[in-house]
């Protein structure tokens with residue numbers, strides 16, 4: 001059986017991508033409406049001239065998010081694929097990752113070599129996280145309008161994600177969200193893991209997320225060399 | 001009964017089945033599944049047609065028959081292009097899980113021979129063999145899956161009472177066993193008579209609905 005990067009990912013079972021080069025796989029999870037798709041679109045616009053990118057969406061209804069990305073024309077259409085999740089988006093990213101692995105590998109075969117694959121989960125609850133067999137690193141996207149107590153509540157997405165993104169900070173004043181409290185709660189829940197505050201749809205704030213991905217890409221390249 | 005069979009048929013075994021409804025999503029939309037009674041009839045119909053065929057293919061594969069000949073036989077018994085694609089994709093997903101769970105040269109060879117995926121029942125039978133299971137075990141797994149998949153999906157699609165769905169499958173269990181027995185006998189005949197001895201029962205409405213479903217712009221399940 002071929003297992004890629006055995007020293008780093010002993011549990012990953014990859015069938016079709018031979019050799020050393022494999023794209024960095026970054027998962028984006030989080031509740032419905034927090035701005036995952038907008039973040040993916042902004043990341044594509046920011047990074048597409050630097051690295052070769054593919055996107056896998058896991059939608060509730062097949063192609064909604066993929067179609068949004070296509071309309072925004074953030075990438076060529078053949079770089080965006082949608083995976084159906086049988087009404088269980090968390091299952092497709094955590095318990096049974098086989099369809100997503102198929103999608104990633106087919107994408108790499110078809111339009112590769114790729115440097116970066118962004119996997120967007122369907123909007124789910126605070127317990128939904130990506131399997132380590134599917135992604136290398138993951139971010140969890142929440143927003144201030146969903147309630148400024150989400151970081152305090154914790155849950156695997158908030159506590160375990162490699163990057164916590166708190167989006168829509170421009171709305172904080174309108175919904176009475178206390179950003180300082182959110183930052184303090186996130187720091188308490190996440191140990192040393194980073195948290196960033198963004199307002200992606202307002203065209204600001206995706207820069208720290210893009211920088212974080214650049215750092216992960218650099219680590220990945222150094223690890224593979 | 002081996003614990004390996006329980007693992008192989010466990011709905012949590014990561015082989016991709018959770019995203020497929022076995023035709024139930026189309027049947028619900030077209031008004032043919034509306035509750036427990038119509039679900040039972042749908043599952044019964046699927047069990048005795050595509051379920052029987054899948055069970056026989058799986059049993060033959062588990063008995064050590066030529067897997068590529070069985071793969072061709074599966075193609076010939078799957079007239080819907082959409083369902084052929086689905087079966088090969090699910091076969092590839094199952095093979096990934098199988099090679100991790102029960103590493104075996106026969107599974108590596110099948111992956112090399114059919115890089116785009118072999119038909120799911122063929123992979124299921126080969127997996128059963130790698131796991132030390134019998135042809136009858138493989139037939140039971142395939143037959144049960146043919147009814148279990150639409151039942152699970154209908155719980156999500158209609159909000160059907162899950163106890164009712166479990167009762168539907170429990171009432172069907174003797175028929176699942178009978179189909180598995182018949183499929184195993186056919187697989188045994190195929191050892192001397194060739195794959196032509198395998199059943200070729202078809203369900204035209206499932207084929208037609210699968211083609212329509214594949215063209216829907218938005219859906220919850222892949223098939």
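Positions of Cβ are set from backbone N, Cα and C atoms, glycine also.
Whatever TrEMBL says is automated annotation, not expert-curated.
Here the Cβ of residue A:30 (GTP binding site) has 29 other Cβ atoms within 10 Å, regardless of which shown protein chain they belong to. Positions annotated as GTP binding site by TrEMBL: A:30, A:31, A:32, A:33, A:34, A:35, A:36, A:37.
On the 0 to 100 pLDDT scale, the model's mean across the domain 'CobW/HypB/UreG nucleotide-binding' (A:26-195) is 92. Residues or ranges marked as domain 'CobW/HypB/UreG nucleotide-binding' by TrEMBL: A:26-195.
In the three-state DSSP reading, residue A:33 (GTP binding site) counts as coil. The Cβ of residue A:34 (GTP binding site) lies under 8 Å from the Cβ of A:123, A:141, A:142, A:143, A:146, A:167, A:168, each of which sits 6+ residues away along the same chain.
Other residues of the chain with a Cβ within 8 Å of the Cβ centroid of A:30, A:31, A:32, A:33, A:34, A:35, A:36, A:37, the GTP site, are A:123, A:141, A:142, A:143, A:167.
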